[in-house]
Amino acid sequence: MAQHHLWILLLCLQTWPEAAGKDSEIFTVNGILGESVTFPVNIQEPRQVKIIAWTSKTSVAYVTPGDSETAPVVTVTHRNYYERIHALGPNYNLVISDLRMEDAGDYKADINTQADPYTTTKRYNLQIYRRLGKPKITQSLMASVNSTCNVTLTCSVEKEEKNVTYNWSPLGEEGNVLQIFQTPEDQELTYTCTAQNPVSNNSDSISARQLCADIAMGFRTHHTGLLSVLAMFFLLVLILSSVFLFRLFKRRQGRIFPEGSCLNTFTKNPYAASKKTIYTYIMASRNTQPAESRIYDEILQSKVLPSKEEPVNTVYSEVQFADKMGKASTQDSKPPGTSSYEIVI
């Protein structure tokens, strides 16, 4: 008899730690931001349930059995969970909808039943992630040596998230950075980056032919840009040199022909003198020698000139010979004396 009780005690000692371990085990539950998540309770005998109390940082809700044909009744005890919690029958699984980042954390469910062990505790850890968008592949380093494209590819998501892993196919490389040594024989390959977190995954691809084309185009663009800059520089130097030589020429011309000189006066207004010249016609004496047939006298006007030029007036004055003078000799048979001009400027 004593031996029988000893075997029962040993059996209880073996099963108690196992039951305690089950109660203290933490289940990880992953949820997606803005969507719903389910906490699995999985009660084997729903009719034995009296009440389930849910707590987190604060009290969350408690669940009581409904009628035989209705779902369990949920009473929310914290305002942050209003209209976002319901329970599924018949296993009393708890559902939280419209997940927020602040919902993440530890949760505990105390399950009270009518039979032994009367109270069972289950623990959960809720992790919330964003659904990943399409990753982006960028070329962070490019080089081309001996017809080989050496490219460093970087794969990234729009918002850096926790627990995001990257994988490259067909190479099977892990990590968001991939170093490629592309040869002409491998131009038909396509590299695919897959970003993944515990709740979602997405991918993007790029062809090897596109990589090498982008490298060649990049070098051509760089070379063309450099030539354009050099051409603009030489054009600017040519323009500045032309302006400098022109100004130097004008300065030297001003030194050779200073302002006020006859050349400058004539160059600026070659018709100014003719507009201000007055001619006087005077008959010369018959005894005037042929060598002295014309006499020019130039008289300069005052330096102060009127602002507006007056019209040119020509005055002719004729002098008649006296009646007592005889006829001229044969040598003087030419027209009576040549006219003499008096020029007034």
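Even glycines carry a Cβ here, placed using N, Cα and C.
What Swiss-Prot records for this protein:
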- 328-345: compositional bias 'Polar residues' (COMPBIAS)
- ASN150: N-linked glycosylation site (CARBOHYD)
- TYR279: phosphotyrosine (MOD_RES)
- TYR296: phosphotyrosine (MOD_RES)
- TYR316: phosphotyrosine (MOD_RES)
- TYR341: phosphotyrosine (MOD_RES)
- 277-282: motif 'ITSM 1' (MOTIF)
- 314-319: motif 'ITSM 2' (MOTIF)
- 22-225: topological domain 'Extracellular' (TOPO_DOM)
- 247-345: topological domain 'Cytoplasmic' (TOPO_DOM)
ASN150 (N-linked glycosylation site) has its Cβ surrounded, within 10 angstroms, by a count of other Cβ atoms equal to 15
Local confidence of the prediction over the motif 'ITSM 2' (314-319), expressed as mean pLDDT: 48
